Structure formats: structure tokens, C-alpha cells
Amino acid sequence: MDLDYNPSRKSLIKNKWVATVASIWIQCTSGSLYTFSIYSPVLKSSQGYDQSTLNTISVFKDLGANTGILSGLLYSTTVRGGRRGPWVVLLAGAAQCFLGYFLMWLTVTQVLPRPPVAVMCLYMLLAAHAMTFFNTANVVTGVHNFQNYAGTIVGIMKGFLGLGGAILILVYQTIFKDKPSSYLLMLAFLPTISSLLFMGFVRIYKSNEENEKRYLNSFSFLAVLLASYLTAVIIVDNILKLRLSIRVFTFVVLVLLLVSPVFVAIDAQREKSYRMIKSLLEHNQVTDDREDMTQIRQNEVSNGADQGTETSDDTLRRGDDLNLLQATCTISFWFLFITTACGMGSGLATVNNLAQIGGSLGYTNLEIDTLVSLWSIWNFLGRFGAGYISDYFLHAKGWPRPLFIAITLAAMSMGYVMVAFGFPGALYAGSVLVGVCYGSQWSLMPTIASEIFGKVHMGTIFNTITIAGPVGSYVLSVRIIGYFYDREASDNGKTCIGNHCFKLSFIIMASVTFLGSLFALALFFRTRNFYKHVILRRLLYSQRWSGLLEDTE
């Protein structure tokens with residue numbers, strides 16, 4: 001602790017709480033990947049594409065969004081030199097986002113001549129790839145800033161990203177209703193401007209403060225409140241078709257909700273300043289106790305390190321920060337890769353075919369639109385809830401985090417079985433279960449990767465594992481769902497109506513996710529000693545001495 005601390009000299013905007021708010025705002029404008037259906041019709045009509053060509057462009061969207069190795073490498077390289085890494089990554093993402101969407105807008109509005117399909121795929125790849133830079137910078141910085149609550153902060157960041165699609169759609173419906181080409185221009189500018197404005201605040205602050213959980217819970221509450229609000233707006237709008245004046249009102253409320261995290265940051269910094277002043281008044285006592293406590297902590301950490309080596313997994317050693325090559329040489333990496341292919345791959349395949357599934361089961365257009373719109377909400381609940389709940393049970397019960405991947409994949413399998421047999425309302429219940437469990441993988445996998453392989457190369461490692469998502473999606477979408485749908489529809493032209501259209505496909509996906517659950521269970525047994533002797537002891541030390549050994553940056 002800096003005993004010469006003076007609140008008047010301390011910048012109120014250079015702290016981990018302001019960094020978190022800045023990351024939240026960037027995440028909220030980075031959900032364009034979930035809004036492809038808004039501008040895909042104008043992309044198709046203006047360029048004369050058929051559905052197959054449009055699907056090819058969509059594949060490049062998924063490829064760019066799930067190939068974040070470069071963003072991870074850039075983050076790891078730049079952060080080593082100090083605190084300047086995150087803004088460099090965000091700047092690179094902003095440049096790609098602007099170029100990708102702006103070139104698409106110029107093409108759609110015929111300012112540029114119609115390009116070859118391969119060039120349009122490149123535009124889409126560039127725009128989608130930008131999102132991995134935004135996501136890596138915000139998620140990895142959050143994990144560095146809140147090491148004791150990695151699951152919670154990853155859930156918050158991934159959750160706001162999941163809500164980003166619904167937020168952008170609400171902005172579009174208020175300002176650019178029925179103007180999808182203008183929406184492309186908005187996507188070129190809004191995420192770019194947001195990143196340029198706030199990237200300077202996103203920094204690493206290696207400190208453990210008191211009551212971190214309290215203020216993270218406040219961010220979590222605001223995220224749930226925002227999700228509830230967006231859910232209500234989506235449902236009411238799909239039923240009643242809101243007028244422009246009502247849309248403007250809902251937009252104003254949305255802006256107020258997005259501003260509210262600032263007050264959490266102010267409150268957190270105010271309490272920190274109060275604690276610092278109080279500590280100054282107890283200067284002598286703090287100094288004496290601090291020396292004694294520091295020595296005790298060093299002794300206990302030394303003992304803990306010795307005990308930590310008792311784990312049977314020789315790739316999981318205390319203090320190891322593995323690089324990508326080292327991580328890929330471990331069994332744990334490939335267990336995570338397989339579970340990601342099963343969970344994220346099947347989830348992507350589901351959302352890409354959700355409208356067609358609803359049509360085959362006889363759902364109305366309104367019901368299908370509602371299902372598609374609410375998918376981002378279920379996705380958010382999974383992203384946020386899995387991080388928060390796994391953190392709670394890790395701290396309170398000592399449950400290793402891989403156990404929750406096993407649980408969610410098993411539940412996901414049950415959701416697919418429900419959809420496969422087509423009971424009345426099964427698609428509603430099944431989409432909720434699958435959406436929540438799919439979203440949970442996005443917060444559990446990066447957090448587990450940071451705990452097992454270390455935080456230094458976390459961005460590179462978890463982005464490499466994420467590649468399993470589109471790989472699994474391609475196999476399940478094209479080789480399973482597409483094949484069986486076309487086979488069932490062969491007698492009725494190109495359209496298939498009835499439960500049989502997707503029944504076998506969903507039974508196969510249920511089996512795939514159950515297999516992923518078994519691999520996650522194997523990862524749980526493989527790492528449980530590591531969590532017991534390393535992760536839990538590390539959390540115990542950090543929480544026990546955070547009040548006396550707080551680094552005030």
C-alpha cells in the first residue's frame with residue numbers, strides 16, 4: 001500500500017472498475033455477429049446471390065468470429081511490456097470492423113462495383129474477425145483484473161456480448177427501421193467509435209481489493225436487469241408492433257440502463273478511497289502487521305507449493321503459464337477442444353437452422369421470430385449464469401469448474417431429445433435449455449483455460465480451442481442436419497414438413513453432446529487434485545490477505 005496516498009492526486013478514471021465499465025460498453029456494441037439476418041436479405045438481393053452463396057458468406061462469418069488466434073497472440077505479445085496491450089488489440093479490431101462493414105456498405109449501395117463472391121467473403125471474414133479482437137481484449141483483461149472471480153467476470157463480459165445483438169437490433173429498429181443498408185453503415189461506425197473512445201481505459205490493474213465480489217454482483221444485477229428489459233421489449237414488439245414514439249422511449253430507457261454501470265464504478269472507487277484514508281490513520285499498526293503477515297504468507301505459499309505438486313497430473317504444475325504449443329501437448333487441451341466441438345458446434349448448428357426447424361414443425365412466423373429473437377437472451381443467461389454459479393461453487397464448495405461443462409452438456413443433450421420427439425411446445429422448452437447450455441460454454445471454457453494453462457497466453461489458447469465450434473458446426477449442419485433434411489424432403493420438393501424432418505439429426509446431436517459431457521467428466525477427474533491443491537489454495541491466500549497487501553497501482 002502506498003502510504004503517501006492522496007485522493008486528490010489519484011486519477012479517478014485509472015482503476016479496474018472504470019476499465020470494466022469501458023469493456024462492458026465495447027462488448028455491448030460488438031454483437032453484430034448475431035444480427036446477420038438483418039442485412040443478409042439486402043446483401044442477397046443487391047448482389048444477385050442465391051441461398052447457397054449467401055450460406056457460404058455466412059460460413060466465413062462464423063469462421064472469422066471463431067478464429068481469434070491472431071488476437072490472442074497480439075494480446076500476449078503487447079501485454080508483456082506493461083499495460084499497453086489491451087488498447088493495441090482493440091485498435092486492431094476497430095480497424096478491421098470499419099473496413100469490413102464499410103466495404104460491404106459501399107458494395108450494397110453500388111458505390112463500388114459488384115465484387116466476386118470470394119471478395120465479399122473476405123469483407124465478411126474481416127468484419128467478423130474484428131469481434132475476436134474486441135472479445136479477447138475485454139475478457140482477458142477482466143480475468144487479469146479479477147483473478148479471484150474469473151468465472152464471474154468472464155460471464156459478465158460474455159453476457160454483455162450476447163446481449164449486444166439484441167441491443168444493436170433495438171437501435172436499428174429505432175433509427176434505421178426497414179433500411180438494412182443503413183444498418184451496415186451503422187455497424188461500420190458504432191463498434192469502431194465505441195472501441196476508439198473507450199480503449200484507453202481498458203488496462204490491467206494487478207490488485208486484489210476488498211469487496212470485489214460485491215461490486216461484481218452489482219454489475220451482474222445490471223446485466224440481468226438489461227436482459228429482462230430486452231426480453232420484455234422483444235416479446236411486446238413481436239406481438240403488438242410498437243409505434244415509433246414507443247420505440248424512441250424504449251431506446252432512451254436502454255441508454256439509461258447502459259449508463260448505469262458507471263455508478264457502480266464510482267461507488268467502488270469511493271469505498272476504496274475511504275479505506276485508503278482509514279489505513280493512513282492507522283499507519284503504524286498497518287506497517288507492523290503488514291510485515292508479519294507478509295512473512296506468514298510467504299511461508300504458507302511455500303508450503304502450499306510443495307503440497308500442490310502432489311497432484312498426479314504432471315502437466316498441471318503450480319505457477320506454470322503454458323504457451324500455445326505447450327498447451328496443445330497436454331491431454332487437458334484436447335479434452336476441452338472436444339467438449340467445445342460438441343457443445344458450441346451443436347449450438348451453432350441449432351441457431352443456424354432454428355427458423356427452418358420451426359417451419360417444419362408448423363410454427364407461425366410470429367412464433368419463429370420470437371424464438372430467434374429470444375435466443376440471444378437464453379445465450380446471455382447461459383454465459384452469465386455459468387460463470388457466476390461456477391464461481392460460487394468453486395469458492396463455497398470447492399467444486400472444480402470442468403464439472404459444470406459436464407452438467408451443462410448433459411442438460412443440452414436432454415434439450416435435443418425434447419426437440420427430436422416434437423412434443424407440443426417442445427421447441428420452446430428445448431430452445432431455452434439448449435440456448436442456456438450453449439451460452440454457458442462461452443464462459444466456462446475460457447475460464448478453465450486460464451486456470452489450467454495460466455493467464456499469460458490465455459487469449460491465444462482459448463481462441464484456438466474456440467475453433468472447434470465452427471468445425472463441429474460444419475459437420476453437424478452440413479453433414480448431419482442438411483443431409484437428413486434433404487433426404488426427407490426429396491419426395492416433396494425442397495421443403496419438408498413434419499417431425500421426421502429433423503428427428504434423426506437431433507438424436508445424433510443429443511448423442512454428440514452426451515459424448516462431450518463424458519469428456520468433460522474425464523477432464524473433471526483429471527484436474528480435481530489440481531483445483532484442490534493449487535486453485536483453491538491460491539484463492540484462499542489472495543482473499544485472506546487482500547486487505548493488507550492491496551496494491552494501489
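Cβ coordinates come from backbone N, Cα and C, glycine included.
As annotated by TrEMBL, domain 'Nodulin-like' applies to 16-266. This prediction places the mean pLDDT of the domain 'Nodulin-like' (16-266) at 89.
Look at TrEMBL and you will find 17-36 (among others) tagged as transmembrane segment.
As annotated by TrEMBL, transmembrane segment applies to 56-75 (among others).
The annotation transmembrane segment is assigned in TrEMBL to 87-105 (among others).
Feature annotation from TrEMBL assigns transmembrane segment to 117-137 (among others).
Marked as transmembrane segment by TrEMBL: 149-171 (among others).
Long-range neighbours of the transmembrane segment (216-236) within the same chain, counting only residues 6 or more positions beyond its ends whose Cβ lies under 8 Å from a Cβ of the stretch, are 20, 24, 146, 149, 152-153, 155-156, 159-160, 163, 166-167, 170, 242, 250, 253-254, 257-258, 260-261, 264, 267, 370, 373-374, 377, 380-381, 384, 388. Annotation source TrEMBL lists transmembrane segment at 216-236 (among others).
The transmembrane segment annotation in TrEMBL covers 248-268 (among others). Counting same-chain residues at least six beyond the ends of the transmembrane segment (248-268), those with a Cβ under 8 angstroms from any Cβ of the stretch are 15, 17-18, 20-21, 24-25, 28, 167, 170-171, 174, 209, 211, 215, 218-219, 222, 225-226, 229-230, 233, 242.
The feature transmembrane segment is assigned by TrEMBL to 324-351 (among others). If one looks beyond the transmembrane segment (324-351) by at least 6 residues along the same chain, the residues whose Cβ comes under 8 Å of a Cβ in the stretch are 62, 69, 72, 313, 315-316, 357, 375, 405, 408-409, 412, 416, 431, 434-435, 437-439, 441-442, 445, 448-449, 452-453, 457, 460-461, 464-466, 468-477, 480-481, 509, 512-513, 515-517, 519-520, 522-523, 526-527.
Residues or ranges marked as domain 'NFD4 C-terminal' by TrEMBL: 330-531.
TrEMBL lists 371-390 (among others) with the feature transmembrane segment.
Among residues of the same chain six or more beyond the transmembrane segment (402-421), those with a C-beta under 8 A of the stretch's C-beta atoms are 339, 342-343, 346-347, 357, 382, 386, 389-390, 393, 427, 429-434, 436-438, 440-441, 444-445, 448, 499, 502-507, 509-511, 513-514, 516-518, 520-521, 523-524, 527. Taken from TrEMBL, the feature transmembrane segment applies to 402-421 (among others).
Sequence-distant contacts of the transmembrane segment (461-484), counting only residues of its own chain at least 6 positions beyond either end whose CB sits under 8 Å from a CB of the stretch, comprise 59, 62-63, 66-69, 71-72, 132, 136, 322, 324, 327-328, 333, 336-338, 340-342, 344-349, 352-353, 445-446, 449-450, 453, 501-502, 504-505, 508-509, 512. Residues annotated as transmembrane segment in TrEMBL: 461-484 (among others).
The transmembrane segment feature in TrEMBL is assigned to 504-525 (among others).
The list of residues near the transmembrane segment (87-105) in space but at least 6 beyond its ends in sequence, with Cβ under 8 angstroms from a Cβ of it, reads 26, 32, 39, 43, 71, 74-75, 78, 112, 120, 123-134, 136-137, 181, 184-185, 187-189, 191-192, 195-196, 199-200, 202-203. Residues 23, 26-27, 30, 32-33, 43, 47, 49, 53, 56-58, 60-68, 70-72, 74-75, 86-87, 89-90, 92-97, 99-101, 103-104, 107, 157-158, 161, 187, 191, 195, 199, 202, 459, 463 of the same chain, all 6+ positions outside the transmembrane segment (117-137), place their C-beta atoms under 8 angstroms from a C-beta of that stretch. Outside the transmembrane segment (371-390) by six or more residues, the chain places 31, 34, 37, 151-156, 158-159, 161-163, 165-166, 169, 220, 223-224, 227, 230-231, 234-235, 238, 351, 354-355, 358, 363, 399, 401, 404, 408, 427-428, 431-432, 434-444, 447 with a CB less than 8 A from a CB of the stretch. With a cut-off of 8 Å between Cβ atoms, the residues of this chain six or more beyond the transmembrane segment (504-525) that come close are 332, 335-336, 338-339, 341-343, 345-346, 349-350, 400, 402-403, 405-407, 409-410, 412-414, 416-417, 419-420, 472, 476, 480-481, 484-485.
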